[in-house]
Amino acid sequence: MKALSKLKPEEGIWMVDAPKPEMGHNDLLIKIRKTAICGTDVHIYNWDEWSQNTIPVPMVVGHEYVGEVVDIGQEVRGFSIGDRVSGEGHITCGHCRNCRAGRTHLCRNTSGVGVNRDGAFAEYLVIPAFNAFKIPDDISDDLASIFDPFGNAVHTALSFDLVGEDVLITGAGPIGIMAAAVCRHVGARHVVITDVNEYRLELAQKMGATRAVNVAKEDLKDVMSELGMTEGFDVGLEMSGVPSAFHSMLDTMNHGGKVAMLGIPGGDMAIDWSKVIFKGLIIKGIYGREMFETWYKMASLIQSGLDISPIITHHYKVDEFQQGFDAMRSGQSGKVILNWD
């Protein structure tokens, strides 16, 4: 079968002819229709330090997808041939304390599709049926293919009550932009997003941000004054992994504010803990999606009128994958879709 593989320990992704994956008794075989390129895939392409320490080579990559069930393991119940599915990319162990308590998103033995095991950038993918999520008929293939990153946005944004709150989002990548749309949809008052990438700030404004702030040109505190904010942000969503952005967030949070952190700093990050202590801030780390509460919320948000389609800015045939990766690496894109049909 046709697949995109991290074939060599150097920059790049390669098209290969890979064997069709074999199923187990509890698995589904999925024929891939569309995949989306994640920031993680860009890290793997670039072969940065994280990738060198994490990714086995060679390996089929990719974990954002939608496809059709074409074969079902003999122990699987609840799925039929032809079902349209996406899937949770974190394969959990099922036997650790958190898994047994129903907190599978906190499994300490997680394996990642397209990170630790063969991924979805292929004509066929095998995953445990437990990880598959049926896509409602009224949700398009395009939107279903980005449910994985949309889930990161939903999990982060809905960590705290947002109704009537002022929200600061640091980092206008696709996940941060989708989080801004979620915040507005569920009733936040002001949603301010910061970055230095004008293309993505414009996209964030289109998707519902009250203000998209280029912090290289504007002072965040001036924007707060312009919006009539006198006390600070109630909720912070840190999506960038940039220390200066997190420091700015701590400076502008209201007392008793709540911060959800999805962005991963590149190394150790020093912060002024006195601000956390004296402001009484709550900081919560976010990893992946809650299984499967986040997935049900994703579908329901779209079905209730949330439009995240503007975040999809580029489509390519899979044979044009290099153009897709070039678009993602340029920073002048939202989500990039590869068509496998």
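Cβ atoms here come from the backbone N, Cα and C positions, even for glycine.
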Same-site residue for NAD(+) (record: Swiss-Prot; known: ASP195, ARG200, LEU262, GLY263, ILE264, ILE286, TYR287; options: ILE175, ILE271, ILE277, ILE302): ILE175
Listed co-binder of Zn(2+) 1 (same site as HIS63, GLU64, source Swiss-Prot) among CYS38, CYS93: CYS38
Sparsest Cβ environment (other Cβ within 10 Å) among binding-site residues CYS38, CYS96, LEU262 belongs to CYS96
For GLY263 (NAD(+) binding site), the number of neighbouring Cβ atoms whose distance to its own Cβ is within 10 Å equals 19
If the Zn(2+) 2 site is taken as the center of the Cβ atoms of CYS93, CYS96, CYS99, CYS107, which further residues of that chain fall within 8 Å of it by their Cβ? THR92, GLY94, HIS95, ARG97, ASN98, ARG100, THR104, ARG108, ASN109, THR110
Just checking a number: largest C-alpha distance across ILE175, ASP195, ARG200, LEU262, GLY263, ILE264, ILE286, TYR287 for the NAD(+) site, rounded to a whole Å. 23
Within a 10 Å radius of its Cβ, which of these binding-site residues (CYS99, CYS107, ILE175, ILE264) has the fewest neighbouring Cβ atoms? ILE264
